[in-house]
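Here's the structure, in structure tokens; my notes come after.
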């Protein structure tokens, strides 16, 4: 047994209950997801049972959301988009530290957020991706984007670092549509050691940081993030984030298609090594623009993303990158047939103090 600084076994296997639930939702049809009333779905409305555990605890005002959106735009021009709807904050009584912000990000903000991440940050060589260990990446020139490359271009190829390896050269479409899995921001998380560096030469994107700090009224400043890309065939297995030498909470932003987020906790303490121990489980349908915060005890909870739901990408992202921008303007010669994201989650290591959000 190997205990982390937080007292949790870093090599523990997940409880059987969440593994069974994971398989259930992974195999579930999209139609069955729509009909399953056990799934928390804020668009459909909470059932009477869900209302007992999920209660409103605050409001993010329209004015604050609009101000945060302007911070992300930061294009030196006036934008009159009007006031977006306010966001109700929900807390789950069974999961201390779990808070849900349905539809926090307006559509215009979602589109710009994706463009910042996939036009600008993906094109920054300082930000590591799942390609870095095995491929030499054909980085575009400054103020350009991978999405300006023609699909079959012979001069922009993701070439294996070891020509004798099992990896094959990839054109842009193959790399971005089929192989792109993750992108790190700010302090570069090491997936091999499951740790963040003590110091990092890579600053967190300033405008994304301003968006977050404005939304949460300077309660925290994001220092690192991981963008995870999913297609409808992808999933996040059951795990918990106990390998990291970090106790700050996580804030996750959903962008793109709907997904099912599954989380569990032990009903009784002291049974961490009992595989069939009783679990409290909740499955939440997350949509583009939603934010989930895992702090407190929930920071160490078992969780997973068993399913991405096809055909649910919102209109603001369904045509991406058409009309998308980088630094407030569309990249020159953008390839309108470029591959598009299905779902990205930006998990930022930070512990927001939501008591400072207006109630």
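Cβ from N, Cα, C; glycine included.
Caution: TrEMBL annotation is automatic and unverified by curators.
TrEMBL lists 167-312 with the feature domain 'Alpha-ketoglutarate-dependent dioxygenase AlkB-like'. The annotation Fe cation binding site is assigned in TrEMBL to 239, 241, 303.
Over the domain 'Alpha-ketoglutarate-dependent dioxygenase AlkB-like' (167-312) the predicted model carries a mean pLDDT of 84. Neighbour density around each Cβ, counted as other Cβ atoms within 10 Å, peaks among the binding-site residues 239, 303 at 303.
Secondary structure of the domain 'Alpha-ketoglutarate-dependent dioxygenase AlkB-like' (167-312), assigned with DSSP and counted as helix (H, G, I), strand (E, B) and coil, comes to 23 helix, 53 strand, 70 coil.
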